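Participant: Here it is, the structure, as structure tokens.
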Amino acid sequence: MYLKRTLITLSLITLPIVPFLSYAAESINNTSSTENLAPVTVDSSDPVSDKQGESWWQRSKNNLSTTWNAPQSHDIYIPAITWHNRWTYDKEKTDRYNERPWGAGYGVSRLDKDGDWHGLYIMAFKDSFNKWEPIGGYGYEKRWRPTSDQDFQLGLGFTAGVTMRDNWNYIPIPVLLPLASISYSKLSFQATYIPGTYNNGNVFFAWLRWQI
């Protein structure tokens, strides 16, 4: 119970910095040079990239609003892998935990003028105890295109949102997690890692995202 209260408290503390992270990410993009080998398909009318000198709060609201109101794609999410870090768990626990997160989700997304990814999503999947766990939120990824094939992309960023779990009585819990991806054309393999302590947390979770 103490651990749960601690995690909830930490989540509540970290959630307010999410808009700052979004603003910081956009600021980095605005001051960095373009390294792509060829143009990418982005939203040329993206209002977020056109506005300078905005507050971090306004920039964050614009990012969310643009993603919601002017998405470039609608996405299907398919949870694929849950893996409990064997170096941080007793075998008796991992033997009985579920690692097949059956479920599905839906979202909208866009690429900004820098070719970086913004998305809003909601998913539901079977958790470690084989109970339904919903999660929804916002994701941002800085995108790199290391080859001449611009459809092949690598991403690194964060996701912020809210989840609810059966073993926490489905109390809404804010989350702030790292996000990474490998993408080709309309298909992305995205993943996050949930940090924790011994026998708690330390879970790798990944899903497929298909643009429709």
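A Cβ is built for glycine as well, from the same backbone N, Cα and C atoms used for every other residue.
So Swiss-Prot says this about it:
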type	residues	note
SIGNAL	1-24	signal peptide
ACT_SITE	His84	active site
SITE	Lys93	site 'Role in lipopolysaccharide recognition'
ACT_SITE	Asp127	active site
ACT_SITE	Ser128	active site
SITE	Tyr198	site 'Role in the phospholipid gating'
Participant: Specify the secondary structure state of Lys93 (site 'Role in lipopolysaccharide recognition') as given by DSSP, simplified to three classes.
Facilitator: helix
Participant: For His84 (active site), which of the listed recorded positions (Asp127, Ser128, Tyr198) have their CA atom within 10 A of its CA?
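Facilitator: Checking each Cα against His84 (active site), the hits are Ser128.
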Participant: To the nearest whole angstrom, what is the C-alpha distance linking Ser128 (active site) and Lys93 (site 'Role in lipopolysaccharide recognition')?
Facilitator: 10
Participant: Tell me the Cα distance separating Tyr198 (site 'Role in the phospholipid gating') from Lys93 (site 'Role in lipopolysaccharide recognition'), rounded to the nearest angstrom.
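Facilitator: Here the two Cα atoms lie 11 Å apart.
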Participant: Roughly how many Å separate the Cα of Asp127 (active site) from that of Tyr198 (site 'Role in the phospholipid gating'), to the nearest whole number?
Facilitator: 18
Participant: Tell me, by DSSP, whether His84 (active site) is helix, strand or coil?
Facilitator: strand
Participant: Using a 10 Å cut-off, grab the number of neighbouring Cβ atoms around the Cβ of Asp127 (active site), all chains included.
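Facilitator: So the Cβ neighbour count for Asp127 (active site) comes to 20.
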Participant: Identify, in sequence order, the residues in the chain of Tyr198 (site 'Role in the phospholipid gating') that are 6 or more apart from it along the sequence and have a CB within less than 8 Å of its CB; answer 'none' if there are none.
Facilitator: Thr88, Tyr89
Participant: Which residue, of the recorded positions His84, Lys93, has its CB surrounded by the fewest other CB atoms within 10 A?
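Facilitator: Lys93, out of the recorded positions His84, Lys93, has the fewest neighbouring Cβ atoms within 10 Å.
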